[in-house]
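Asker: Can you read through this structure? Questions will come right after.
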Amino acid sequence: MKPFSPEVSPDPCPATAAHLLRTYTLFLTLLELAQGCRGSMVSNRPFITVWNADTHWCLKDHGVDVDVSVFDVVANKEQNFQGPNMTIFYREELGTYPYYTPTGEPVFGGLPQNASLVTHLAHAFQDIKAAMPEPDFSGLAVIDWEAWRPRWAFNWDSKDIYQQRSMELVRAEHPDWPETLVEAEAQGQFQEAAEAWMAGTLQLGQVLRPRGLWGYYGFPDCYNYDFLSPNYTGQCSLSIHDQNDQLGWLWNQSYALYPSIYLPAALMGTGKSQMYVRYRVQEAFRLALVSRDPHVPIMPYVQIFYEKTDYLLPLEELEHSLGESAAQGAAGAVLWISSEKTSTKESCQAIKAYMDSTLGPFILNVTSAALLCSEALCSGRGRCVRHPSYPEALLTLSPASFSIEPTHDGRPLSLKGTLSLKDRAQMAMKFKCRCYRGWSGEWCKKQDM
């Protein structure tokens with residue numbers, strides 16, 4: 001682990017960072033040409049759920065075995081935050097990410113335009129190789145940088161310090177400039193540097209581990225938090241659409257998009273969760289369709305608790321989060337639990353009971369429905385996507401045709417049943433196909449040349 005230090009190592013040459021990024025981009029392009037379609041853990045699979053939690057501590061510290069392997073959940077060995085299927089980098093674990101502490105102290109320069117990108121990439125090079133020792137890593141590679149956002153306009157409330165300190169830098173250099181010019185220059189400097197840092201880090205990861213699904217947690221965002229509005233629809237505002245459109249470089253560079261659909265506590269009992277989630281996931285698809293790769297996997301981040309509470313989501317809220325994501329044709333979802341939730345025996349027992357009674361059966365239901373729909377409608381070569389005429393339709397199995405039964409000998413839950421003609425007709429009416437890369441046509445039967 002690197003020592004905590006606010007010091008910044010000056011770049012050896014002002015042009016080095018730009019040259020380094022151009023070199024990485026060239027390497028990445030050559031790799032893509034050589035490999036063609038990147039294979040990954042989500043390739044040609046309708047819907048997967050990834051367990052991104054360190055619940056192994058429940059067994060190690062409290063004797064509570066949260067056995068997620070019995071479900072259709074891809075979990076790392078020992079269920080920790082880094083492994084062959086899933087690696088997440090927090091700010092202390094990848095390079096020398098610049099930010100301000102809650103007391104306003106700069107770390108590694110504080111601002112991206114006041115920090116050394118070359119030093120960061122050199123450290124990140126070693127961090128990536130250490131966290132992902134296998135060159136053919138093909139799992140999810142998530143960067144969790146939340147201190148600042150790459151668009152100036154998105155840095156409000158506690159993030160306003162990045163605007164204020166950016167303007168201070170410009171004032172110090174140009175004390176005679178009017179405030180309008182100071183802010184315009186500060187905005188330009190900040191956004192240019194933010195792009196260099198975020199794009200450069202992605203490019204480095206993609207060069208070192210080209211099969212990994214590299215992307216940033218929480219991007220894109222819809223900022224649709226006005227739950228108390230009596231006319232709340234959940235839709236992203238036009239101004240948010242415009243700002244997200246300016247981040248084309250980020251969507252073009254990402255190998256996966258990881259929007260957050262954590263449910264804030266304010267949504268409890270409001271009946272607005274599905275609207276909230278729907279437009280956050282839709283925004284990811286909107287941006288993916290105009291990016292360099294319209295097939296980029298969408299993998300929303302889901303919590304099983306209401307955010308910052310100890311209240312587990314009821315089944316209907318799982319339908320509004322996991323279920324909504326699957327119905328829109330997401331490649332899967334990442335289930336995350338904070339380490340605080342695994343720190344007590346009581347919390348671990350609650351998680352285990354929830355997994356056994358609610359979450360596990362629901363995951364098996366949704367993933368099985370997605371697979372059966374893919375085979376029935378899309379020739380097994382695409383994902384079922386909800387038809388706009390049926391905005392409430394979910395990919396779940398009919399209880400008249402299927403049953404999910406627990407076993408008593410430690411083996412996984414069992415699914416029994418077959419699709420009836422009525423089930424197939426309902427799927428065909430409410431869903432259509434989004435074909436995997438290389439396939440097209442209404443039923444994904446045509447192989448692209």
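Just so it is clear, glycine is given a Cβ too, placed from its N, Cα and C backbone atoms.
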Asker: Identify the disulfide partner of CYS433 as annotated in Swiss-Prot; candidates are CYS373, CYS378.
Answerer: CYS378
Asker: Please name the cysteine among CYS13, CYS37, CYS58 that Swiss-Prot pairs with CYS348 through a disulfide bond.
Answerer: CYS58
Asker: Calculate the distance in Å between the alpha carbons (Cα) of CYS222 (disulfide bond) and CYS384 (disulfide bond), and round it to a whole number.
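Answerer: Per the Cα atoms, CYS222 (disulfide bond) and CYS384 (disulfide bond) stand 24 Å apart.
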Asker: Are there recorded positions among ASN85, GLU146, CYS236, CYS348, CYS378 that sit within 10 Å of CYS435 (disulfide bond), Cα to Cα? If so, list them; otherwise say none.
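Answerer: Those close enough are CYS378.
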Asker: Would you mind checking how many other C-beta atoms are within 10 angstroms of the C-beta on CYS378 (disulfide bond)?
Answerer: 25
Asker: What does DSSP say about ASN252 (N-linked glycosylation site): helix, strand or coil?
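Answerer: Where ASN252 (N-linked glycosylation site) sits, the three-state DSSP reduction gives helix.
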Asker: Check the Cα distances from CYS444 (disulfide bond) to each of the recorded positions ASN252, ASN365, CYS373, CYS378, CYS384, CYS433 and keep only the ones within 10 Å.
Answerer: CYS378, CYS433
Asker: On average, what pLDDT score does this prediction assign to the domain 'EGF-like' (433-444)?
Answerer: 96
